[in-house]
């Protein structure tokens, strides 16, 4: 609707224009290409950084910062196109929260997995063979002494924290449009890696685990980095929708009317 008024504040023209829905290109193609490119970059940086560092606290810090800063930069860069999910677990959580449709979510995940494979392939093509073999191409591994159950639980908790951070800082209507999300989400990734990296690998991202596994052929315990993040995303999405979402999305006591 457009309303034009002259200098005497008299209504002179009124037109009604039907807003056209976003076309398929803007709804599916652009966001999926953005997610694909984002995962190429994220997995490439994430796997390359594992090749030159050595075990120790500084090694863990370097990996955590590389992943966290890359995520933050990518969200700033492509967030206006796709939302900057860059993670199938995040896409699952946002789908549960009503941020994207199921079909959009499926398209996002496919694009993310393809991008992860390409990013990991670039690392394999660039990194020296000996270095690549030593770091398993950046593929995840469970820390010594960790049980499968413990690793899945660790991934679930870390992913739940990450997805809740995304939902509360970037999806919730009370915070949408603020500059906080890239920093908050990047820090959540970095802190998660510093906390869980030595134990479960701190993937929090099935695509980050999938790409290097394909390129390096390392599939040992690979299901851990799917099961944990999926569980964490489901829990985060349910907690958000049930208790923490804005009233227009909250399932419990949503859209309450005040009588005082």
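Using the three backbone atoms N, Cα and C, a Cβ is placed for every residue, glycine included.
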From 124-147, 148-171, the residue range that TrEMBL assigns the feature transmembrane segment: 148-171
Feature contact check the transmembrane segment (59-83) with the transmembrane segment (183-203), CB under 8 Å, 3 or more pairs: yes
Long-range Cβ neighbours of the transmembrane segment (89-110) (under 8 Å; 6 or more residues past either end): 27-28, 31-32, 35, 82-83, 159, 162-163, 166-167, 171, 204-207, 229-230, 232-234, 236-238, 240-241, 245, 249
